[in-house]
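Undergrad: One structure, pasted below without further comment.
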Amino acid sequence: MKFPGSVLASVFLFVAETTAALYLSSTYRSGGDGMWQALTLLFSLLPCALVQLTLLFVHRDFSRDRPLVLLLHLLQLGPLFRCFEVFCIYCQSGHVEEPYVSITKKRQMPKNGFSEEVEKEVGQAEGKLFTHRSAFSRASVIQAFLGSAPQLTLQLYISTLQQDVTVGRCLFMVLSLLSIVYGALRCNILAIKIKYDEYDVKVKPLAYVCIFLWRSFEIATRVIVLVLFTSVLKAWVVMVVLINFFSFFLYPWILFWCSGSPFPENIEKALSRVGTTIVLCFLTLLYAGINMFCWSAVQLKINNPDLISKSQNWYRLLVYYMLRFIENAFLLLMWYLYKTDIYMYVCAPLLILQLLIGYCTAILFMLVFYQFFHPCKKLFSSSVSEGFQEWLKCVCCDCRQQKSRESAGKTDLRSSEDRDETPSSSKISSLPSQILNTDELCSA
(Lines of atoms letter the chains of each structure in order from A and count residues from 1; the text may use other names and numbers.)
(Lines give C-alpha, C1' and ligand atoms only; values in the text may rest on other atoms or scores of the structure.)
Protein backbone atom coordinates (compact mmCIF):
# COMPACT_ATOMS: atom_id res chain seq x y z
CA MET A 1 0.00 0.00 0.00
CA LYS A 2 1.29 3.44 -0.95
CA PHE A 3 2.59 5.64 1.87
CA PRO A 4 0.24 8.64 2.43
CA GLY A 5 2.94 11.25 1.93
CA SER A 6 0.58 13.72 0.21
CA VAL A 7 -1.63 13.78 3.32
CA LEU A 8 1.37 14.49 5.53
CA ALA A 9 2.57 17.31 3.24
CA SER A 10 -0.88 18.91 3.17
CA VAL A 11 -1.23 18.85 6.96
CA PHE A 12 2.30 20.19 7.47
CA LEU A 13 1.70 23.16 5.16
CA PHE A 14 -1.71 23.80 6.72
CA VAL A 15 -0.40 23.85 10.31
CA ALA A 16 2.82 25.74 9.52
CA GLU A 17 1.09 28.46 7.52
CA THR A 18 -1.70 28.93 10.09
CA THR A 19 0.83 29.17 12.93
CA ALA A 20 2.96 31.68 11.01
CA ALA A 21 -0.13 33.77 10.18
CA LEU A 22 -1.18 33.93 13.83
CA TYR A 23 2.33 34.92 14.91
CA LEU A 24 2.63 37.59 12.23
CA SER A 25 -0.80 39.02 13.06
CA SER A 26 0.29 39.36 16.69
CA THR A 27 3.37 41.34 15.59
CA TYR A 28 1.14 43.64 13.52
CA ARG A 29 -1.06 44.17 16.55
CA SER A 30 1.87 45.05 18.77
CA GLY A 31 3.12 47.43 16.08
CA GLY A 32 -0.21 49.21 15.78
CA ASP A 33 -0.98 48.03 12.24
CA GLY A 34 -4.61 47.09 12.70
CA MET A 35 -5.44 46.86 9.00
CA TRP A 36 -2.56 44.49 8.21
CA GLN A 37 -3.54 42.35 11.21
CA ALA A 38 -7.18 42.11 10.06
CA LEU A 39 -6.27 41.19 6.49
CA THR A 40 -3.70 38.61 7.63
CA LEU A 41 -6.27 36.93 9.90
CA LEU A 42 -8.93 37.07 7.16
CA PHE A 43 -6.75 35.36 4.54
CA SER A 44 -5.78 32.75 7.14
CA LEU A 45 -9.06 31.87 8.88
CA LEU A 46 -11.38 31.97 5.83
CA PRO A 47 -9.57 29.19 3.91
CA CYS A 48 -9.28 27.22 7.17
CA ALA A 49 -13.06 27.18 7.46
CA LEU A 50 -13.41 26.18 3.80
CA VAL A 51 -10.91 23.35 4.30
CA GLN A 52 -12.96 21.99 7.23
CA LEU A 53 -16.15 22.09 5.15
CA THR A 54 -14.41 20.33 2.27
CA LEU A 55 -13.19 17.48 4.47
CA LEU A 56 -16.65 17.09 5.99
CA PHE A 57 -18.34 17.18 2.58
CA VAL A 58 -16.05 14.61 0.94
CA HIS A 59 -16.37 12.17 3.87
CA ARG A 60 -20.12 12.88 4.18
CA ASP A 61 -19.90 13.36 7.94
CA PHE A 62 -23.02 15.54 8.00
CA SER A 63 -25.23 12.50 7.41
CA ARG A 64 -23.44 10.33 10.00
CA ASP A 65 -23.56 10.41 13.77
CA ARG A 66 -20.02 11.60 14.52
CA PRO A 67 -20.28 14.50 17.01
CA LEU A 68 -16.60 14.33 18.04
CA VAL A 69 -15.46 14.76 14.44
CA LEU A 70 -17.81 17.70 13.93
CA LEU A 71 -16.53 19.32 17.14
CA LEU A 72 -12.91 18.93 16.07
CA HIS A 73 -13.69 20.53 12.73
CA LEU A 74 -15.40 23.44 14.48
CA LEU A 75 -12.22 23.90 16.51
CA GLN A 76 -10.20 23.96 13.23
CA LEU A 77 -8.52 20.68 14.22
CA GLY A 78 -10.12 18.55 11.54
CA PRO A 79 -7.00 18.10 9.34
CA LEU A 80 -4.96 16.89 12.33
CA PHE A 81 -7.60 14.33 13.25
CA ARG A 82 -7.92 13.18 9.63
CA CYS A 83 -4.14 12.77 9.38
CA PHE A 84 -4.09 10.70 12.57
CA GLU A 85 -6.91 8.55 11.17
CA VAL A 86 -5.04 8.04 7.89
CA PHE A 87 -1.89 6.78 9.60
CA CYS A 88 -3.93 4.50 11.86
CA ILE A 89 -5.48 2.92 8.77
CA TYR A 90 -2.08 2.67 7.07
CA CYS A 91 -0.40 1.01 10.07
CA GLN A 92 -3.24 -1.49 10.59
CA SER A 93 -3.62 -2.41 6.93
CA GLY A 94 -1.00 -5.17 6.97
CA HIS A 95 -2.15 -6.74 10.25
CA VAL A 96 -5.92 -6.98 9.79
CA GLU A 97 -7.44 -9.28 7.19
CA GLU A 98 -9.78 -7.55 4.76
CA PRO A 99 -13.36 -8.86 5.10
CA TYR A 100 -14.36 -7.44 1.73
CA VAL A 101 -12.30 -6.82 -1.41
CA SER A 102 -13.47 -5.04 -4.55
CA ILE A 103 -11.97 -5.50 -8.01
CA THR A 104 -11.08 -2.58 -10.25
CA LYS A 105 -10.02 -2.70 -13.89
CA LYS A 106 -7.42 -0.33 -15.25
CA ARG A 107 -5.76 -0.19 -18.64
CA GLN A 108 -2.02 0.09 -18.86
CA MET A 109 -0.23 2.65 -20.98
CA PRO A 110 0.14 1.46 -24.58
CA LYS A 111 3.35 -0.46 -25.31
CA ASN A 112 4.20 -1.13 -28.95
CA GLY A 113 0.67 -0.05 -29.88
CA PHE A 114 -1.08 -2.45 -27.48
CA SER A 115 -2.83 -1.69 -24.20
CA GLU A 116 -3.70 -4.43 -21.70
CA GLU A 117 -6.45 -4.30 -19.10
CA VAL A 118 -5.30 -5.32 -15.61
CA GLU A 119 -7.52 -6.27 -12.69
CA LYS A 120 -6.56 -5.10 -9.23
CA GLU A 121 -7.97 -6.00 -5.81
CA VAL A 122 -8.78 -3.03 -3.60
CA GLY A 123 -9.51 -3.61 0.07
CA GLN A 124 -11.50 -1.43 2.43
CA ALA A 125 -8.38 0.13 3.96
CA GLU A 126 -6.99 1.14 0.56
CA GLY A 127 -10.38 2.54 -0.43
CA LYS A 128 -10.50 4.66 2.73
CA LEU A 129 -6.97 5.92 2.10
CA PHE A 130 -7.94 6.84 -1.46
CA THR A 131 -10.87 8.87 -0.11
CA HIS A 132 -8.60 10.64 2.39
CA ARG A 133 -6.01 11.44 -0.31
CA SER A 134 -8.72 12.83 -2.56
CA ALA A 135 -10.13 14.98 0.24
CA PHE A 136 -6.72 16.37 1.21
CA SER A 137 -5.86 17.08 -2.43
CA ARG A 138 -8.97 19.22 -2.79
CA ALA A 139 -8.29 20.88 0.57
CA SER A 140 -4.73 21.72 -0.54
CA VAL A 141 -6.02 23.42 -3.69
CA ILE A 142 -8.52 25.47 -1.65
CA GLN A 143 -5.90 26.41 0.92
CA ALA A 144 -3.45 27.42 -1.82
CA PHE A 145 -5.56 29.68 -4.03
CA LEU A 146 -8.17 31.07 -1.64
CA GLY A 147 -5.75 31.64 1.23
CA SER A 148 -2.05 31.36 0.45
CA ALA A 149 -2.10 33.27 -2.86
CA PRO A 150 -3.84 36.39 -1.44
CA GLN A 151 -1.70 36.06 1.71
CA LEU A 152 1.56 36.00 -0.25
CA THR A 153 0.47 39.01 -2.31
CA LEU A 154 -0.46 40.93 0.86
CA GLN A 155 2.78 40.20 2.73
CA LEU A 156 4.94 41.05 -0.28
CA TYR A 157 3.00 44.30 -0.70
CA ILE A 158 3.58 45.20 2.97
CA SER A 159 7.30 44.44 2.60
CA THR A 160 7.47 46.67 -0.49
CA LEU A 161 5.78 49.61 1.23
CA GLN A 162 7.82 49.31 4.41
CA GLN A 163 11.03 48.49 2.50
CA ASP A 164 11.79 45.91 5.14
CA VAL A 165 11.53 42.11 5.28
CA THR A 166 11.51 40.63 8.75
CA VAL A 167 12.47 37.04 9.45
CA GLY A 168 8.92 36.07 10.39
CA ARG A 169 7.43 37.63 7.28
CA CYS A 170 10.09 36.06 5.05
CA LEU A 171 9.39 32.61 6.51
CA PHE A 172 5.66 33.16 6.10
CA MET A 173 6.04 34.15 2.43
CA VAL A 174 8.19 31.08 1.73
CA LEU A 175 5.54 28.83 3.32
CA SER A 176 2.79 30.55 1.34
CA LEU A 177 4.68 30.13 -1.93
CA LEU A 178 5.29 26.45 -1.18
CA SER A 179 1.60 26.02 -0.39
CA ILE A 180 0.55 27.62 -3.68
CA VAL A 181 3.02 25.57 -5.74
CA TYR A 182 1.96 22.39 -3.97
CA GLY A 183 -1.71 23.21 -4.58
CA ALA A 184 -1.01 23.82 -8.27
CA LEU A 185 0.92 20.53 -8.44
CA ARG A 186 -2.00 18.64 -6.87
CA CYS A 187 -4.30 20.35 -9.37
CA ASN A 188 -2.14 19.07 -12.24
CA ILE A 189 -2.09 15.50 -10.93
CA LEU A 190 -5.82 15.60 -10.20
CA ALA A 191 -6.55 16.80 -13.74
CA ILE A 192 -4.44 14.00 -15.24
CA LYS A 193 -6.15 11.31 -13.16
CA ILE A 194 -9.63 12.63 -14.00
CA LYS A 195 -8.95 12.88 -17.74
CA TYR A 196 -7.34 9.43 -17.94
CA ASP A 197 -9.43 7.68 -15.32
CA GLU A 198 -9.51 4.35 -17.18
CA TYR A 199 -5.70 4.11 -17.27
CA ASP A 200 -3.23 3.20 -14.56
CA VAL A 201 -1.44 6.55 -14.26
CA LYS A 202 2.02 6.56 -12.68
CA VAL A 203 3.75 9.92 -12.26
CA LYS A 204 7.55 9.76 -12.21
CA PRO A 205 9.73 11.86 -9.85
CA LEU A 206 11.14 13.92 -12.72
CA ALA A 207 7.59 14.88 -13.67
CA TYR A 208 7.02 16.22 -10.14
CA VAL A 209 10.26 18.23 -10.35
CA CYS A 210 9.31 19.67 -13.73
CA ILE A 211 5.82 20.66 -12.54
CA PHE A 212 7.31 22.20 -9.38
CA LEU A 213 9.70 24.38 -11.38
CA TRP A 214 7.01 25.30 -13.89
CA ARG A 215 4.58 26.41 -11.19
CA SER A 216 7.23 28.13 -9.06
CA PHE A 217 8.36 30.46 -11.84
CA GLU A 218 4.80 31.09 -13.03
CA ILE A 219 3.31 31.94 -9.64
CA ALA A 220 6.30 33.90 -8.30
CA THR A 221 6.47 36.18 -11.34
CA ARG A 222 2.71 36.67 -11.34
CA VAL A 223 2.61 37.70 -7.68
CA ILE A 224 5.56 40.09 -8.07
CA VAL A 225 3.95 41.75 -11.10
CA LEU A 226 0.68 42.27 -9.20
CA VAL A 227 2.50 43.70 -6.18
CA LEU A 228 4.56 46.12 -8.29
CA PHE A 229 1.46 47.36 -10.11
CA THR A 230 -0.50 47.69 -6.86
CA SER A 231 2.25 49.72 -5.19
CA VAL A 232 1.96 52.54 -7.76
CA LEU A 233 -1.67 52.31 -8.99
CA LYS A 234 -3.78 51.21 -6.04
CA ALA A 235 -7.15 52.21 -7.52
CA TRP A 236 -6.61 50.57 -10.90
CA VAL A 237 -5.63 47.20 -9.44
CA VAL A 238 -9.25 46.71 -8.32
CA MET A 239 -10.37 46.88 -11.93
CA VAL A 240 -7.64 44.46 -13.03
CA VAL A 241 -8.59 41.94 -10.33
CA LEU A 242 -12.33 42.23 -11.02
CA ILE A 243 -11.89 41.77 -14.78
CA ASN A 244 -9.73 38.69 -14.23
CA PHE A 245 -12.01 37.23 -11.59
CA PHE A 246 -15.35 37.72 -13.33
CA SER A 247 -13.96 36.60 -16.69
CA PHE A 248 -13.00 33.19 -15.31
CA PHE A 249 -15.97 32.99 -12.93
CA LEU A 250 -18.61 33.61 -15.61
CA TYR A 251 -16.92 31.68 -18.44
CA PRO A 252 -18.10 28.17 -17.34
CA TRP A 253 -21.64 29.49 -16.75
CA ILE A 254 -21.76 31.16 -20.18
CA LEU A 255 -20.70 27.90 -21.83
CA PHE A 256 -23.35 26.05 -19.82
CA TRP A 257 -26.13 28.47 -20.78
CA CYS A 258 -25.09 28.44 -24.45
CA SER A 259 -25.09 24.62 -24.53
CA GLY A 260 -28.77 24.47 -23.50
CA SER A 261 -28.12 21.52 -21.16
CA PRO A 262 -30.42 20.86 -18.19
CA PHE A 263 -29.35 21.86 -14.71
CA PRO A 264 -27.07 19.16 -13.19
CA GLU A 265 -28.81 17.10 -10.52
CA ASN A 266 -26.38 14.22 -9.95
CA ILE A 267 -23.54 15.98 -8.12
CA GLU A 268 -24.69 14.74 -4.70
CA LYS A 269 -27.93 12.89 -4.01
CA ALA A 270 -28.42 14.51 -0.60
CA LEU A 271 -28.19 18.04 -2.03
CA SER A 272 -31.20 20.07 -3.07
CA ARG A 273 -31.25 22.36 -6.09
CA VAL A 274 -30.15 25.29 -3.92
CA GLY A 275 -27.33 23.24 -2.40
CA THR A 276 -26.18 22.14 -5.86
CA THR A 277 -26.14 25.76 -7.01
CA ILE A 278 -24.05 26.76 -3.98
CA VAL A 279 -21.55 23.95 -4.67
CA LEU A 280 -21.26 24.93 -8.35
CA CYS A 281 -20.76 28.60 -7.45
CA PHE A 282 -18.04 27.60 -4.99
CA LEU A 283 -16.32 25.50 -7.67
CA THR A 284 -16.40 28.36 -10.17
CA LEU A 285 -15.06 30.66 -7.42
CA LEU A 286 -12.13 28.29 -6.88
CA TYR A 287 -11.66 27.97 -10.65
CA ALA A 288 -11.44 31.76 -10.99
CA GLY A 289 -9.03 32.00 -8.04
CA ILE A 290 -6.69 29.45 -9.62
CA ASN A 291 -6.69 31.07 -13.06
CA MET A 292 -5.91 34.50 -11.61
CA PHE A 293 -2.46 33.25 -10.58
CA CYS A 294 -1.70 30.31 -12.88
CA TRP A 295 -3.11 27.91 -15.45
CA SER A 296 -5.71 25.71 -13.75
CA ALA A 297 -4.85 22.56 -15.80
CA VAL A 298 -8.57 21.64 -15.69
CA GLN A 299 -11.49 23.01 -17.67
CA LEU A 300 -14.65 23.32 -15.61
CA LYS A 301 -17.66 21.96 -17.50
CA ILE A 302 -20.92 22.32 -15.56
CA ASN A 303 -23.01 20.07 -17.82
CA ASN A 304 -20.51 17.21 -17.42
CA PRO A 305 -21.27 14.66 -14.63
CA ASP A 306 -17.60 14.84 -13.54
CA LEU A 307 -17.68 18.68 -13.80
CA ILE A 308 -14.35 18.46 -15.62
CA SER A 309 -13.75 18.44 -19.36
CA LYS A 310 -11.64 15.42 -20.32
CA SER A 311 -10.45 16.82 -23.65
CA GLN A 312 -6.93 18.22 -23.97
CA ASN A 313 -7.45 21.67 -25.47
CA TRP A 314 -4.08 23.04 -26.59
CA TYR A 315 -5.72 26.11 -28.10
CA ARG A 316 -7.01 27.32 -24.71
CA LEU A 317 -3.61 26.70 -23.16
CA LEU A 318 -1.89 28.73 -25.88
CA VAL A 319 -4.40 31.59 -25.66
CA TYR A 320 -4.17 31.71 -21.85
CA TYR A 321 -0.38 32.02 -21.75
CA MET A 322 -0.26 34.53 -24.60
CA LEU A 323 -2.86 36.79 -22.95
CA ARG A 324 -1.24 36.41 -19.52
CA PHE A 325 2.18 37.33 -20.92
CA ILE A 326 0.71 40.41 -22.61
CA GLU A 327 -1.09 41.38 -19.40
CA ASN A 328 2.06 41.00 -17.29
CA ALA A 329 4.05 43.07 -19.78
CA PHE A 330 1.38 45.81 -19.76
CA LEU A 331 1.25 45.92 -15.94
CA LEU A 332 5.05 46.15 -15.78
CA LEU A 333 4.99 48.97 -18.32
CA MET A 334 2.46 50.88 -16.19
CA TRP A 335 4.63 50.32 -13.13
CA TYR A 336 7.66 51.63 -15.01
CA LEU A 337 5.83 54.79 -16.11
CA TYR A 338 4.34 55.59 -12.68
CA LYS A 339 6.97 54.21 -10.28
CA THR A 340 7.60 56.25 -7.13
CA ASP A 341 10.67 57.13 -5.08
CA ILE A 342 10.66 53.83 -3.19
CA TYR A 343 12.13 52.24 -6.33
CA MET A 344 14.94 54.77 -6.56
CA TYR A 345 17.65 52.16 -6.12
CA VAL A 346 16.01 49.55 -8.35
CA CYS A 347 17.11 49.09 -11.94
CA ALA A 348 13.63 49.03 -13.46
CA PRO A 349 14.49 47.81 -17.00
CA LEU A 350 16.55 44.95 -15.61
CA LEU A 351 13.77 43.95 -13.20
CA ILE A 352 11.19 43.98 -16.02
CA LEU A 353 13.48 41.86 -18.19
CA GLN A 354 14.05 39.37 -15.35
CA LEU A 355 10.32 38.98 -14.68
CA LEU A 356 9.47 38.45 -18.34
CA ILE A 357 12.29 35.94 -18.71
CA GLY A 358 11.08 34.20 -15.54
CA TYR A 359 7.58 33.83 -17.00
CA CYS A 360 9.04 32.51 -20.26
CA THR A 361 11.07 30.03 -18.21
CA ALA A 362 7.84 28.76 -16.65
CA ILE A 363 6.38 28.24 -20.13
CA LEU A 364 9.56 26.40 -21.13
CA PHE A 365 9.28 23.98 -18.20
CA MET A 366 5.62 23.44 -19.07
CA LEU A 367 6.53 22.49 -22.65
CA VAL A 368 9.27 20.17 -21.36
CA PHE A 369 6.75 18.46 -19.08
CA TYR A 370 4.22 17.87 -21.85
CA GLN A 371 6.92 16.74 -24.28
CA PHE A 372 8.97 14.37 -22.11
CA PHE A 373 7.51 13.76 -18.62
CA HIS A 374 3.73 13.66 -18.97
CA PRO A 375 2.61 10.20 -17.74
CA CYS A 376 0.05 9.88 -20.56
CA LYS A 377 2.02 11.41 -23.43
CA LYS A 378 1.59 8.20 -25.47
CA LEU A 379 -2.14 8.92 -25.64
CA PHE A 380 -1.68 12.38 -27.18
CA SER A 381 -2.77 12.74 -30.78
CA SER A 382 0.20 15.08 -31.34
CA SER A 383 3.14 16.10 -29.17
CA VAL A 384 4.45 19.58 -28.47
CA SER A 385 7.31 19.23 -30.97
CA GLU A 386 4.97 17.99 -33.70
CA GLY A 387 2.58 20.86 -33.07
CA PHE A 388 5.50 23.31 -33.20
CA GLN A 389 6.69 21.79 -36.49
CA GLU A 390 3.21 22.04 -37.98
CA TRP A 391 3.02 25.67 -36.86
CA LEU A 392 6.38 26.39 -38.51
CA LYS A 393 5.19 24.70 -41.70
CA CYS A 394 2.04 26.82 -41.71
CA VAL A 395 4.09 29.99 -41.18
CA CYS A 396 6.52 29.01 -43.95
CA CYS A 397 3.65 28.16 -46.32
CA ASP A 398 2.03 31.52 -45.60
CA CYS A 399 5.32 33.30 -46.27
CA ARG A 400 5.81 31.42 -49.53
CA GLN A 401 2.28 32.15 -50.67
CA GLN A 402 2.73 35.82 -49.82
CA LYS A 403 6.02 35.95 -51.76
CA SER A 404 4.46 34.16 -54.72
CA ARG A 405 1.58 36.64 -54.69
CA GLU A 406 4.01 39.55 -54.56
CA SER A 407 6.06 38.10 -57.42
CA ALA A 408 2.89 37.43 -59.40
CA GLY A 409 1.80 41.02 -58.79
CA LYS A 410 5.17 42.32 -59.99
CA THR A 411 5.01 40.19 -63.17
CA ASP A 412 1.46 41.42 -63.84
CA LEU A 413 2.66 44.99 -63.37
CA ARG A 414 5.55 44.47 -65.76
CA SER A 415 3.32 42.83 -68.37
CA SER A 416 0.86 45.72 -68.13
CA GLU A 417 3.72 48.19 -68.59
CA ASP A 418 4.91 46.25 -71.64
CA ARG A 419 1.43 46.33 -73.07
CA ASP A 420 1.30 50.09 -72.58
CA GLU A 421 4.66 50.53 -74.30
CA THR A 422 3.85 48.35 -77.34
CA PRO A 423 1.02 50.45 -78.84
CA SER A 424 3.00 53.66 -78.49
CA SER A 425 5.97 52.24 -80.39
CA SER A 426 3.73 51.04 -83.20
CA LYS A 427 2.25 54.49 -83.46
CA ILE A 428 5.71 56.04 -83.69
CA SER A 429 6.77 53.55 -86.36
CA SER A 430 3.67 54.26 -88.41
CA LEU A 431 4.30 58.02 -88.44
CA PRO A 432 7.10 57.96 -91.09
CA SER A 433 4.98 55.89 -93.45
CA GLN A 434 2.11 58.33 -93.12
CA ILE A 435 4.48 61.26 -93.79
CA LEU A 436 5.83 59.49 -96.87
CA ASN A 437 2.37 58.86 -98.20
CA THR A 438 1.44 62.55 -97.88
CA ASP A 439 4.64 63.64 -99.67
CA GLU A 440 3.94 61.28 -102.51
CA LEU A 441 0.44 62.64 -102.89
CA CYS A 442 1.73 66.26 -102.98
CA SER A 443 4.36 65.45 -105.62
CA ALA A 444 1.74 63.78 -107.73
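In case you wondered, yes, glycine gets a Cβ from its N, Cα and C as well.
Found this in TrEMBL, in case it helps:
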COMPBIAS  404-417  compositional bias 'Basic and acidic residues'
COMPBIAS  423-436  compositional bias 'Low complexity'
REGION    404-444  region 'Disordered'
TRANSMEM  36-58  transmembrane segment
TRANSMEM  166-185  transmembrane segment
TRANSMEM  206-229  transmembrane segment
TRANSMEM  235-258  transmembrane segment
TRANSMEM  270-298  transmembrane segment
TRANSMEM  318-338  transmembrane segment
TRANSMEM  350-373  transmembrane segment
Undergrad: If I count Cβ-Cβ pairs under 8 A between the transmembrane segment (166-185) and each of 270-298, 318-338, 350-373, which range comes out on top?
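TA: Between the stretches 270-298, 318-338, 350-373, 270-298 has the largest tally.
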Undergrad: Quick one: find which recorded stretch in 36-58, 235-258, 270-298, 350-373 has the most Cβ pairs under 8 Å with the transmembrane segment (206-229).
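TA: Between the stretches 36-58, 235-258, 270-298, 350-373, 350-373 has the largest tally.
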Undergrad: Please indicate, using numbers and ranges, the residues of the same chain that are 6 or more beyond the transmembrane segment (350-373) and have a C-beta under 8 Å from a C-beta there.
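TA: For the transmembrane segment (350-373), the far contacts come to 204, 206-207, 210-211, 213-218, 220-222, 224-225, 295, 321, 324-325, 328-329, 332-333, 336, 383-385.
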